[in-house]
Amino acid sequence: MANDFLFTSESVSEGHPDKVADQISDAILDAIFKQDPRSRVAAETLTNTGLVVLAGEITTNAHVDYIQVARDTIKRIGYDNTEYGIDYKGCAVLVAYDKQSNDIAQGVDHASDDHLNIGAGDQGLMFGYACDETPELMPAPIYYAHRLMERQAQLRKDGRLPFLRPDAKSQVTMRYVNGKPHSIDTVVLSTQHSPDQSETPHKMKASFTEAIIEEIIKPVLPKEWLKETKYLINPTGRFVIGGPQGDCGLTGRKIIVDTYGGACPHGGGAFSGKDPSKVDRSAAYAARYVAKNIVAAGLARQCQIQVAYAIGVARPMNVTVYTEGTGVISDEKLSALVHEHFDLRPKGIIQMLDLLRPIYEKTAAYGHFGRDEPEFSWERTDRAALLRAAAGR
C-alpha cells in the first residue's frame, strides 16, 4: 500500500438489525453458559418486522427460556415500540434448535492428534491484528467508527437527543500521510429518527444535522484530525423506517465491523452465538491477543497473525506472523516466539483466555476488539514483557 492514501471503515449501532441478531445469539450463549459452561452452542438468529427466529445447534444441560432471553435483549437495545420496527412485548419468537451433530462432536471431544486436548470444531483460517494507530492498538478508522455508534446510543438512551431511534450506521474515511493517520477526510453518520426531524421527504432539518455533528461526532473524534472534514448526515434525507422493519437481520453478517474494519484479511467465520470450541471465534480472539502483545512489546508497529485448523485436529495447520516490514526482528523469528509462548490448540486458547464464561453478549456490538472491558481477556498485554525479553530487546 502507498504511504499516502485514504482508508475507510464502518460500524453499525446495537439497533442495526444484524446486530440485534448477533446480540440475541450471544445473550442466549451467555444464558446457557451461566448454567452449563461445557455446552456446545451454535445459536443463529433472524429478525424481521415483528418476528424473531432462533435456530441452530445446542447441546446442553441448561434450562433456558430462549424466548424471554430474546425479548429481554430487544428491550435492552431500545425496541419498545412497534413504530421502531419491532417491539419486545409483542413480537413473535420462534424456536427451532437441534443438538450438535454426533459426527462433529466426536472430532471436537477427542482430537485425532492429541489425546490431552479437544479438536477444532471446524476447518478454517482466522486472523488477528494490532497496530500502533490508537492507544488500544487498533486501526483508527474502525476504532472511531465504533465510538461514534456508542455515542449515538448513549445520547439516545439518556434522553439528550430524544429524537434518535436505535438503528444507525457510521463510516470514517481517514487520510494517511507517510503511512500514519493524518486527518479525517469524511464522516458519514446515518441514524434512525422520529418523523418530525425531516424538513421534507428528502431533507433533514438543519437542527438535526447540527445536533449530530456537535453532540455525537465532534466530542468523539480527535480535534487535530478534523481538518476540512466533510460530514454526511443522513444523506438520503430521511431514516424513519429502520431496524428489523427496514431490513431483515441475521447473525454473522457484520464480520468486518466485528473485527478490524477491513484493515486486515478475514477468514470468513462469524463470532456471535458460538461457544469457544468453535475456532472461528476463539482462535480469532487468540490471534488478536498474540498480535496485540507483539505490538505492545515494541516488536512491530503493526502485526497480522494467521492461524488455520482442520476439524477434529487440535494443533493449528499454521501460525504465520506478518508485520509488513515494521518488525524489529524478522517475521520468522516472531513466528518462533509465538510457537514458544502461546498454546493455540483449542483447549489451550480456552484456558489461556478463560473463555468458558458468560461474557459474550457485550462483544456483540461496537466491536470484539480494541475495547477496555474487564471481561475481554484477549485485550490484555500481559505477555508483552515476556516477548520483549525473549526477543532480546
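Note: Cβ is positioned from N, Cα and C throughout, glycine not excepted.
Remember, predicted model here, so these are calculated numbers, not experimental data.
Feature annotations, reproduced from Swiss-Prot:
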type: BINDING; residues: H16, D167, A168, K169, R238, F239, D247, R253, K254, A270, K274; note: ATP binding site
type: BINDING; residues: D18; note: Mg(2+) binding site
type: BINDING; residues: E44; note: K(+) binding site
type: BINDING; residues: E57, Q100, D247, K278; note: L-methionine binding site
type: REGION; residues: 100-110; note: region 'Flexible loop'
Next item on the list: Out of D18, E44, E57, K278, point to the one nearest A168 (ATP binding site) in space (Cα versus Cα); all of them are binding-site residues in the record.
Entry: D18
Check: Using C-alpha atoms, which one of the binding-site residues E44, R238, K274, K278 comes nearest to the residue listed as 'Mg(2+) binding site'?
Finding: E44
Item checked: CB contacts for K274 (ATP binding site) [other CB atoms within 10 A, all chains] -> 27
Notebook entry, point to check: In terms of DSSP three-state secondary structure, what is the assignment for D18 (Mg(2+) binding site)?
Noted result: helix
Item checked: Cβ neighbour count (within 10 Å, all chains shown) around R238 (ATP binding site) -> 16
Next item on the list: Out of H16, K254, K278, give me whichever of these binding-site residues has the highest number of other Cβ atoms within 10 Å.
Entry: H16
Notebook entry, point to check: Which of these binding-site residues has the least crowded Cβ, counting other Cβ atoms within 10 Å: E44, D247?
Noted result: D247
